[in-house]
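> One structure coming up, written as structure tokens, with questions to follow.
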Amino acid sequence: MPEIRLRHVVSCSSQDSTHCAENLLKADTYRKWRAAKAGEKTISVVLQLEKEEQIHSVDIGNDGSAFVEVLVGSSAGGAGEQDYEVLLVTSSFMSPSESRSGSNPNRVRMFGPDKLVRAAAEKRWDRVKIVCSQPYSKDSPFGLSFVRFHSPPDKDEAEAPSQKVTVTKLGQFRVKEEDESANSLRPGALFFSRINKTSPVTASDPAGPSYAAATLQASSAASSASPVSRAIGSTSKPQESPKGKRKLDLNQEEKKTPSKPPAQLSPSVPKRPKLPAPTRTPATAPVPARAQGAVTGKPRGEGTEPRRPRAGPEELGKILQGVVVVLSGFQNPFRSELRDKALELGAKYRPDWTRDSTHLICAFANTPKYSQVLGLGGRIVRKEWVLDCHRMRRRLPSQRYLMAGPGSSSEEDEASHSGGSGDEAPKLPQKQPQTKTKPTQAAGPSSPQKPPTPEETKAASPVLQEDIDIEGVQSEGQDNGAEDSGDTEDELRRVAEQKEHRLPPGQEENGEDPYAGSTDENTDSEEHQEPPDLPVPELPDFFQGKHFFLYGEFPGDERRKLIRYVTAFNGELEDYMSDRVQFVITAQEWDPSFEEALMDNPSLAFVRPRWIYSCNEKQKLLPHQLYGVVPQA
């Protein structure tokens with residue numbers, strides 16, 4: 001775009017003796033036009049063009065002005081104030097803060113055709129009026145560094161660019177601008193040309209290794225050496241990155257194993273890493289039932305099946321199939337992660353304990369669900385059972401992960417140790433007349449039954465529930481034939497001592513009932529021991545849909561109690577203050593930060609911990625207004 005030349009200055013409202021308005025006519029960028037003194041709010045200058053031109057773009061270099069406006073007029077009509085038209089609306093060059101601090105006074109802005117007023121830009125003019133203003137600062141004079149006007153490009157120049165070299169004068173130096181279309185070296189040109197030349201060759205390079213890999217694979221099919229097969233596997237994939245090799249899981253290895261010759265399958269099985277067997281201690285869990293079934297009736301070491309390979313991703317959803325879990329004592333986000341892992345393994349989830357529930361995964365003892373399930377004889381395990389099953393990709397016996405606490409009883413031990421696979425749902429004991437003869441009939445050749453001790457005979461009772469307890473402990477000892485017999489004796493002795501304290505008054509010292517079990521009258525202990533056949537009580541969920549946040553310090557273990565109550569009544573605890581929080585539980589007095597929280601969320605309610613305790617005592621939702629935290633007068 002050709003630059004429009006300026007002829008002379010028609011008029012100027014204010015100018016400095018050194019930095020006069022004529023400096024705008026010169027090409028030197030260091031010559032400026034400034035006001036005569038500081039404190040003026042508006043100054044203006046009128047410039048005469050050489051001829052009438054259509055202005056296509058304007059370049060303005062600032063020198064301390066906050067706003068600049070450009071107007072155009074014609075000298076033929078007298079060019080009065082009313083004859084000027086706005087070409088460039090008032091544009092900002094400095095913000096108020098920049099004006100007061102004096103920062104960025106020489107900002108340059110280029111206004112193209114889209115920034116100019118179209119009606120004025122389409123006409124021809126020979127006079128330009130520039131108005132500068134600075135209302136924010138009175139400390140220093142202001143003005144312009146330079147102004148450039150450009151006419152529209154010619155059609156011939158747009159079609160065929162001019163080959164002449166333009167020269168820009170910058171102070172005492174002249175900058176020569178060369179045509180960008182000239183063939184010259186650019187930074188990185190040789191590098192990109194080398195890549196373009198070598199790219200066809202690199203595209204055909206993988207053909208060589210693939211052919212060699214196919215030849216090696218065909219020649220090694222007859223050999224049965226496993227090292228050669230591994231070398232083939234490494235040669236057939238030369239482009240595979242180490243990062244990709246690390247991501248190969250065991251499932252992909254199992255998929256590749258059937259494709260190998262049968263002779264290579266047998267030596268590869270023993271080389272798989274085996275998990276260390278758990279050491280047997282008096283507190284260890286019994287052997288899984290499927291291993292016991294293979295050993296029953298045969299000497300040790302015969303009939304044992306080889307270790308099954310770890311389950312792949314396609315079998316991951318069948319590991320805990322048939323298991324229904326209930327969570328207790330966990331907080332989000334770990335609660336949701338544990339639930340997702342259990343569902344990924346094929347288990348089902350229930351928010352509360354139901355008849356089809358099989359396992360209660362508890363974070364710690366003495367939670368409300370823990371006491372409920374313990375009274376119903378359910379199975380309570382630790383979270384490590386689900387985590388280890390997910391990590392090992394196979395179903396582990398849940399006996400190793402049983403919760404050990406003061407509330408455990410022989411009925412719980414019986415439910416946790418009995419069953420075929422060790423993971424079936426616990427069932428209540430059934431009354432059967434031939435219960436006393438079961439331990440003798442169930443004894444196999446691999447687990448010899450020793451004669452009952454006097455203490456066991458003394459512990460015999462006509463009460464059918466107590467006989468079932470003795471049977472459960474004895475059958476446990478039979479199932480654990482590989483364990484030490486001392487554990488079974490200690491367990492029988494402990495149960496016998498417990499039953500001895502509950503003997504009915506009419507029973508003799510030798511353990512025989514004088515009524516021979518013919519009486520229909522039940523004792524108080526029997527009624528107390530028999531679990532009632534009632535539906536599982538469900539906890540109220542009056543906190544459902546409500547979000548809580550614990551703020552500040554709480555004395556003692558009050559925070560843990562509040563978390564338990566809110567979780568038990570189906571409330572949601574937030575880890576941090578968010579828009580979802582509805583109730584803020586705090587033991588402190590009114591805090592100034594509460595007012596800021598109310599400004600962001602007017603529906604917030606600040607309550608005392610006593611509200612949670614009262615809701616637990618009444619087992620219903622009470623009005624929180626009676627327990628609110630209010631500002632002190």
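Note that Cβ sites are derived from N, Cα and C of the backbone, with glycine treated the same way.
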> So which of S151, S447 shows up as phosphoserine in Swiss-Prot?
S447
> Scan T304, T437, T488 for the residue that Swiss-Prot records as phosphothreonine.
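According to Swiss-Prot, the phosphothreonine annotation belongs to T488.
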> Just to be sure I understand the packing, how many Cβ atoms besides its own are within 10 Å of the Cβ of S371 (phosphoserine)?
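I count 12 other Cβ atoms within 10 Å of it.
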> On the DSSP side of things, how many residues of the domain 'BRCT 1' (315-403) fall into helix, strand and coil, could you say?
37 helix, 15 strand, 37 coil
> Across the whole of the domain 'BRCT 1' (315-403), what does the mean pLDDT come to? Round it, please.
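Taking every residue in the domain 'BRCT 1' (315-403) and averaging pLDDT yields 88.
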